[in-house]
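J.: Pasting in a structure now, in structure tokens, and then I'll have a few things to ask.
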Amino acid sequence: MKCLIVFGVIVAVFGAFVGYGYLVFSELTRPLPKPEFSDSTYWGPGEAKSYVPDKKIYEFRLDVPQAEIEDLRQQLNRTLRLAEPLDGISFEYGFNSYALDQFVEYWRDKYLTKWDERQELFNKFKQYTTEIQGLNIHFIREKASAEAAAKKHVYPLLLLHGWPGSVREFYDIIPMLTNDQNVTDYAFEVVAPSLVGYGWSDAATRPGFNAAEMATVMRNLMLRLGHKKFFIQGGDWGSIIGSNLATLYPENVIGYHSNMCVLNSPLAILKGIYGTYFSEKIIPSRFFYDHHFPVWDKYADLLRESGYFHIQATKPDTIGAALATSPVGLAAYILEKFQYCTNPGMQQDFGAIVTVFGLEPVLDNLMVYYLTNSITTSVRFYAENVSKAYRDLQLDRVPTPVPMGCSRFRYDLPSVTDWQLRDKFPNLKHSMYFQQGSHFAAMEMPAMLYQDFTAFVGKIGLHGEKPK
């Protein structure tokens, strides 16, 4: 009898444990409704009650005083006090000091001597500023060419960059999107903003400006320009902002395309662990295994390479002060990210950045941060996105009906599988794997990204196209 009682207690405890585990699992993995969210929060200086919005759109043209360029040249001409690399070390400890010395020499003696030429390139597209929610927002606005508009279906497209990028990333892909191309029936009016706190856009003046708030500003910018419905394309933070925008304002989004398809919901994490051991059940081909798995190796690599993320998410003003006061330090910090985002076979190669991106585009991007003194305000975005207020929104658990397209470049951050992605985007229209390319796809492989984006647009069937 005692044995039966003990057995009954064990069964009851086990049953309670299983039942509780099921309830916890269900609570953590169930889809959530879209949260209530304000679309008019004031982020500018002073008090909101005294704010009088300026809805005008002003032309913008970059015009840097020559004295500022000369001051930078003098700073770069100071003797560098860099520690020599350890024997046998290339970039394993960060950006190599020998390579940095060469970059600084080129920046000072060649790049800056042709600043007028670089500035003209910055001004090749039409640019504007306008005030949204108290913040002055800079953006490129390039309409479809007359030839393309006469032959193609034209739609507005919001292009979103990330960190440590800028609108300079898009200078090769914008002409492809706006001009007459034979590969698609679509052309686009491109709007490429500098994110809030980046480039020539104002920074928020108080804490709390996270990716959902950024998405709201970007959506309101498109509404200001007369675009009630539009496409979104983004990578890095631009991908997360684009996802938030599609989630919070699906009525405004025709389709959302990402080249960094990530999800951090509990269900996505559990499915990722499952996929490590049963990948053949969830990926279209064994050739794509390394894009996703093994999960433990991907996590280890992220841990190894995410020291910058931790400091930017906890003490952004500290690292910001160090970088804002030293153009060489700023260069080392940003160039190291581009060095890593080549591919594993080139990460220790002294010519990797030149081979993959070219010197001028990378230095152009660096100049955006230097000229606008936006390094501190840009890295604060990390702190805002690990805050409790943002995490409590749990937007990765809110199903989004917007048509979605995903392109995965081989050496980018590990993306999720379609199986995981459909929990968030049940209307997944397009999924593509590339066996090359990395994080800065618009800069490294603009033609591939363009073709993938337009393939996604064609699959939505806006004009009766049948999915291929």
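For all residues, glycine too, the Cβ spot is worked out from N, Cα and C.
No curator has checked TrEMBL annotations; they are predicted automatically.
Okay, so TrEMBL annotates it like this:
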type     : residues : note
DOMAIN   : 58-170   : domain 'Epoxide hydrolase N-terminal'
ACT_SITE : ASP236   : active site, nucleophile
ACT_SITE : TYR382   : active site, proton donor
ACT_SITE : HIS439   : active site, proton acceptor
J.: Kindly report the helix/strand/coil residue split of the domain 'Epoxide hydrolase N-terminal' (58-170) according to DSSP, in that order.
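T.: Residue counts in helix, strand and coil order: 47 helix, 25 strand, 41 coil.
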J.: About how far apart, in whole Å, are the alpha carbons (Cα) of the residue listed as 'active site, proton acceptor' and the residue listed as 'active site, nucleophile'?
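T.: It is 8 Å, counting Cα to Cα.
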J.: Could you pull the average pLDDT for the domain 'Epoxide hydrolase N-terminal' (58-170)?
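T.: That stretch averages a pLDDT of 97.
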J.: Please list residues from the chain of the residue listed as 'active site, nucleophile' whose Cβ is under 8 angstroms from its Cβ, counting only those at least six apart in sequence.
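T.: HIS161, GLY162, TRP163, GLY165, MET260, HIS439 - these are the non-local Cβ neighbours of the residue listed as 'active site, nucleophile', listed in sequence order.
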J.: Taking the Cβ of TYR382 (active site, proton donor) as the reference point, list residues of the same chain whose Cβ is under 8 angstroms away and which are at least six residues distant in sequence.
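T.: Residues satisfying the criterion: TRP163, PHE309, GLN312, ALA313, PRO316.
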J.: Count the Cβ atoms, other than its own, that fall within 10 Å of the Cβ of HIS439 (active site, proton acceptor), considering every protein chain shown.
T.: 21
